[in-house]
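Below: the structure, in structure tokens.
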Amino acid sequence: MKGTNLGEFEELVLLTIAALAAEAYSVAICDELERYTGRSAKLGVVHAVLNRLEEKGLAKSHLGDASATRGGKRKRFYEVTHAGKVALMRAKELREAIWRNIPGFNLEGSI
Amino acid sequence: MNKDPQPPQWATAFLRWYCRPRLLEDLEGDLYEYFVRNVSRKGLRYARLVYWLDVIKFLRPYTIRKIEPLTFLTHFMMIGSYFKTSRRNLVRNKLFSFINVVGLAVSMSVGLLVISIVNDLRSYDDFHEKKDRIFRVLTHHQNDGQAPTDLASSSIRTAQRLAGDVPGVENFTILRNGFSGDAKVGQNTFPLEGTWADQSFFKVFTFPLLAGDPATALQAPYSLVLTEKTAERLFGSTQVLGQTVRFDTLEYQITGIARDIPHLSHIHFDALLSFASADATMGKKQDGFYNWDNVWSNYTYITLSKNGSTAGVQRALNQISKEENKALLHKKVTLSLQPLKDIALGRKLSNNMGPRMEPVTLWILGGLAFVIILSACFNYTNLSVARSLRRSREVGVRKIIGARRSHVLGQFMTEAVLISFLALVFSFGLYLLLRREFLALDPHIPEIFTLDLSVRSVLSFIALAVITGFVAGFLPAVFFSKINALSAMKDASGLRIFKHIGLRRVLIVAQYTLSLVFIATTLVGYSQYKGFLNFDLGFTTENILNIKLNGTDAATLKKELSEIPGVTQIAHSSMVSSLGSMYGFDVKYRPSNASPGDSALVWVNTVDENYLPIHQHKLISGSNFTLRPEKGKESEVIVNQQVLKRFNIGGRDPQKALGHVLSVDGRDLTIIGVMKDFHYGTVENKIEPVMFRYSKSEPWGYLNLQMASTDLESTMAKIESAWKQFDKVHPLKANFYDDQIENAYSQFSMMVKVIGFLAFLAICIASLGLFGMVVFTTETKLKEISIRKVLGASEPGLIYLLCRGFIALLAVAALIALPATYLLFDKVLLTRFAYHQPIGIPEMLAGALIVMLLALVMIGSQTARAARSNPAKVLKSE
């Protein structure tokens, strides 16, 4: 299954969804990403990633209620699925495992 | 409604078009959010630009809608259902169907006629095997200091030069028009006209021979090829190969019998004579017969070899002209090629052979037909949209059951095409009628057109019906397909039908403008045409009979005719003026022997001493010709005032001009009279210098008989019998001068008839449409009227209320149409006429009035009916 692998940007987006909780829709995700990374996150890119995450089963979405602010169009809210949570945890564990194996002196002074 | 800045509509429409429905809504919302942000940060223009870019950037594989074969399949499966519902609708709404079918049928019949005409012209010369490789050599003739002439004819020298090896030319042939003689077969004599052609004629063109060898039939001098029809006429049989025909003293042998020429051929002949005979009878005797600049009576055609190019031949022709032009003084002759298929539909050329129609004329005809059909399409559009209240529920149900927009679109398109096919059936019947009328419109038309049906024309007819259906159905289909299912079901009256009221108004105004322009054009054109006929030409044409002579001295006939009691006076003339043909001479005038003199073209008619009195030409000074015994001693000339003006003779004083000498054609002629200016040409020409020369007899000219107006019939019978005694070969060709003038302007009467007919159609269609609109509008307003009535509105008040809108539309149409027509005549149509009547404002207003009255009667009758309806009955039904 190709869904097991999580790219770096995908991971960021997935984390943001989790962080935003009930307010996770595309524009908010973009803004949040920008805030964290300091880089601009293009809607086009984020939208494509959201779509892919959904395809992989790591996130799921539903349409919210209509509001007048968006020209009457509903928002699509995302949430992390169980599989998504597992993938995130695994990614985190993987990193930590590696971090643990780095000898203390190896990174000292290099920054 | 919404004053907030909106993203570009087209971009949104594009997004909606390509994006998957599942992704569409939130994506559209996202983009909108960004758009709003951008507007507040960087301004509207920037925001719109970014929006556009984003829409384009989102065009990615995962967003693009999958092609759904199912939709197509459903369309296919639904066609049966579309037909069924369309049929039911047509039957249920009889008025609607009637108006549309009749309107479309009437207008399409004109379209069919135009298609047939175009088709005929495009089929000209289709029967030649090498039609794609045959070209005609055209001549461009330029005298220094004069306007150049483009001719369809070319010199014999051209053909002779082609005989030398010109690369790319497979074959060439030369034709010469204008043979005319009396063919003697045994004891009988028949007038016969023919064309000279050289031996390669049958190699270039495909005119099959029933008898004789095409390779040699036109080789020897005095060979003659007859068509079947001519052979039947001369011999009563087509088995006449080898027999002889006598012209004067020359015996011609029949070397071939050609099958009759197809109607749609630009070359027509009764008989072909070998070109060698022309060489023997004329070439050896006439100076300049073979000259390079003798470009007036011969036609050269070439066939390109299979791998030859027109550019190569053109280069060779340029080379030939360059070499030959060296010998010419003050003159240049250049050659070019014209494809055979361009002849019938080509540009204007002098000395053209066969019928020709300018593409512009066809475009105009086609344009008029298009406009009429469009008008009928407007009716369909208008009435469909006006009726939408009734159909919207149906659409709503369809949509709820699961019809997509495209399905509804398909359904309404099918309905429109169905109607237009129904109309096609009727219009074909009308077309058959129209065709007969058209062919009878002018004796020349059947010569040009057959208007027979062909596969191509029938296919074009069907294509016309389909296109008409699409054009008519497009707007209503789009309108219906946009209907929101829910709102249609909830409250049909809330539909935005009144949003389209602007469109409907525009369409009605357009239709009426058109009708008014047509009718005003017809009436003004007719009064102009009448003006041409009754134009004061400066002489009288009343009760004058012109008899064409055929080359015999008519002294005996003249004597015979003068004894008929109904004939008061007889004159001779070389031509009949004011009909459009003109003959001219270069005239030289030297005020004194010392001066070099001045020369100019002066139009001429050669007449005898009776001509001026019969036609009542007014002499300002001097006297008429007197009878002189012989032609050779001609020494006098009568000129018009323009001659004095042109040469400044005698200080332009008619009295002083008498006795001055003009040098014409190598002769010195003394001015013995000055006549008042008259119209030598048609009213299209300005009055120019004209002179009358004297001749006692004009064997190729005309006898002008002045008739007593009583008992013309018996006089004509007597003239006929006198002619039969005088000339047994040729039939009498006698025409009254007034009829000839009417004939000379027949093209205008034809135009008036055609435009008048179109006006009639346009008015019919517009009236039908208006009628339908009034019926549907009053129907939808019936409740409103009833309530008003209950509340105390008066009938006239209600009628006024209902009529008001329509009358305003008609007024707008009139305000556009009448000035437009006036400008059309003033700036375009009448500019070609040097003399014409003032444009008749009363006629224009009368036309407008007729149309208005018709419309008012229709509106009035319907609204009055609605206003008179019993409110109790109407309101009860709810």
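Numbers run from 1 along the shown chain.
Keep in mind that glycine also has a Cβ here, set from the backbone N, Cα and C atoms.
Caution: TrEMBL annotation is automatic and unverified by curators.
Given the structure is predicted, the values throughout are model-derived calculations rather than measurements.
According to TrEMBL, the domain 'MacB-like periplasmic core' annotation covers B:97-319 (among others).
The domain 'ABC3 transporter permease C-terminal' annotation in TrEMBL covers B:368-484 (among others).
Averaged over the domain 'MacB-like periplasmic core' (B:549-681), the predicted model reaches a pLDDT of 84. The domain 'MacB-like periplasmic core' feature in TrEMBL is assigned to B:549-681 (among others).
Counting residues of the domain 'ABC3 transporter permease C-terminal' (B:757-861) by DSSP class, helix then strand then coil, yields 92 helix, 0 strand, 13 coil. Taken from TrEMBL, the feature domain 'ABC3 transporter permease C-terminal' applies to B:757-861 (among others).
Packing against the transmembrane segment (B:95-118) from elsewhere in the chain are residues 362, 365-366, 368-370, 372-373, 375-377, 379-380, 383, 387, 419-420, 422-428, 430-431, 434-435, 438, 449, 451, 453, 457, 460-461, 464-465, 468, 472, 758, 761, 764-765, 768-769, 771-772, 775: each is 6 or more residues past its ends and has a CB under 8 Å from a CB in it. The transmembrane segment annotation in TrEMBL covers B:95-118 (among others).
Annotated transmembrane segment per TrEMBL: B:360-383 (among others), in sequence order.
Here the transmembrane segment (B:408-434) has Cβ contacts under 8 Å with residues 75, 78-79, 82-83, 85-87, 89-90, 97, 100-113, 116, 380, 384, 395, 398-399, 461-462, 464-466, 468-470, 472-474, 476-478, 480-481, 483 of the same chain, all six or more residues outside its ends. Annotation source TrEMBL lists transmembrane segment at B:408-434 (among others).
Taken from TrEMBL, the feature transmembrane segment applies to B:454-480 (among others).
According to TrEMBL, the feature transmembrane segment maps to B:506-526 (among others).
Listed by sequence, the residues of this chain that lie at least six past the ends of the transmembrane segment (B:754-777) yet keep a Cβ under 8 A from its Cβ atoms are 95-96, 99, 102-103, 106-107, 110, 368, 371-372, 375-376, 378-379, 382-383, 386-387, 441, 504, 508, 511-512, 514-515, 518-519, 521-522, 525-526, 802, 806, 851, 854-855, 858-859, 862-863. Here TrEMBL flags B:754-777 (among others) as transmembrane segment.
Proximity of distant same-chain residues to the transmembrane segment (B:798-825), defined by a Cβ-Cβ separation under 8 Å and at least 6 residues beyond the stretch ends, is recorded for 505, 508-509, 511-517, 520-521, 524, 528, 770, 773-774, 777-778, 781, 785, 788-789, 839, 844-845, 848, 852, 855-856, 859-860, 863-864, 866-867. Sequence annotations record features per position, and here TrEMBL assigns transmembrane segment to B:798-825 (among others).
Under the heading transmembrane segment, TrEMBL lists B:845-867 (among others).
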Residue counts for the domain 'MacB-like periplasmic core' (B:549-681) under DSSP, helix then strand then coil, are 28 helix, 45 strand, 60 coil
The domain 'ABC3 transporter permease C-terminal' (B:368-484), counted residue by residue under DSSP: helix, strand, coil = 101 helix, 0 strand, 16 coil
